[in-house]
Amino acid sequence: MIKIGVIGCGFIGSQICAAVDSGVVAAELAGIFDFSAEKVESVLQTLQNSSPQKTMPEEMAKSCDLIIECASQEAVLKYAPMILEHGKDMMVLSAGAFQNPDFYAKIQKTAADHNCKVYLPSGAIAGTDGLKSAAIAGIKSVTVTTRKPISGLAGSPYLAEKKINLADITTPTLLFEGKATDAVVAFPKNVNVCATISLCGLGFEKTVVKVIADPTISDNIHELEVFGDFGHMKMTIENKPSPINPKTSYLAALSAISTLKRITDPIQIGV
Ligand SMILES: NC(=O)C1=CN([C@@H]2O[C@H](COP(=O)(O)OP(=O)(O)OC[C@H]3O[C@@H](n4cnc5c(N)ncnc54)[C@H](O)[C@@H]3O)[C@@H](O)[C@H]2O)C=CC1
Ligand SMILES: O=C([O-])CC(=O)C(=O)O
């Protein structure tokens, strides 16, 4: 059984730990870490069958086979190179960290040099399967439109920079339209989906992102539109937000668990 370590004990981390603990995924939960000791304790209290070590990522990189980042883009920048240098596989949820081409190239090289893998779940969006296939023949345009309730956008750096007060927004309002490169910096906890879509398709510089604050909805809605030699793809997903972190959709945690199942299952389905 593979030994997994989890960095980040918030919504996604706690769901992953619960899935491993309950046997949904055939793996051993060997280590957990969060810079909030309280978050670590709250996850530990929910576990019935697992006794992971409370451990720093540097220790996890020695004792675990696969380390899952579900913390923040900063955590990816800080820990991913070190983990891969230990020859250990990683799963990354905060995919926006890869918008820096030098960092992405470094991760690709380190993983290749140490014969290990970096898994990016599809997260809170659907359509990565079709997009990856379409990209083989050539894609002309990719647009991701993210529409979130006001509570899901609070605290984004872009709002402070542009002096936007979310309390003033009473109708659906386009806050941002631009490149994925800039979107993941402006909304680091909201549009990791567009980072994943960029990596599947046209890249960060050519993927267009729109972020809409919508006080009339309660779901996190992502729309993906792709034109290419394959034809035209349009996908809309209406995600239930996590009850403990409204920025994050429930599907994001499920996609991490599903990716873990794919890694551990002998039969592989889908692209
Ligand atoms: N790829 C995708 O489609 C999606 C990605 N995400 C991203 O996944 C990550 C996790 O999401 P949630 O569990 O909802 O977040 P959360 O806010 O509920 O939990 C994150 C946890 O990580 C901890 N943390 C943050 N930075 C850390 C660091 N440098 N070292 C150690 N601990 C750290 C925090 O204390 C917190 O307990 C976030 O970056 C989020 O933006 C979320 C939804 C979709
Ligand atoms: O969970 C979502 O709906 C999307 C999200 O926060 C992200 O991509 O970072």
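Including glycine, each Cβ sits where the backbone N, Cα and C put it.
The active site annotation in TrEMBL covers H222. For A124, N192, the entry in TrEMBL reads NAD(+) binding site. For 8-121, the entry in TrEMBL reads domain 'Aspartate/homoserine dehydrogenase NAD-binding'. The domain 'Aspartate dehydrogenase' annotation in TrEMBL covers 170-257.
The structure, with features from TrEMBL marked on it.
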residue : record              : DSSP class
A124    : NAD(+) binding site : coil
N192    : NAD(+) binding site : helix
H222    : active site         : strand
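DSSP labels the residues of the domain 'Aspartate dehydrogenase' (170-257) in these numbers: 24 helix, 34 strand, 30 coil. Separating the Cα atoms of A124 (NAD(+) binding site) and H222 (active site) is a whole-number distance of 8 Å.
Around N192 (NAD(+) binding site), a 10 Å sphere centred on its CB holds 26 further CB atoms from the protein chains shown. Across the structure, the residue listed as 'active site' and N192 (NAD(+) binding site) place their CA atoms 11 angstrom apart.
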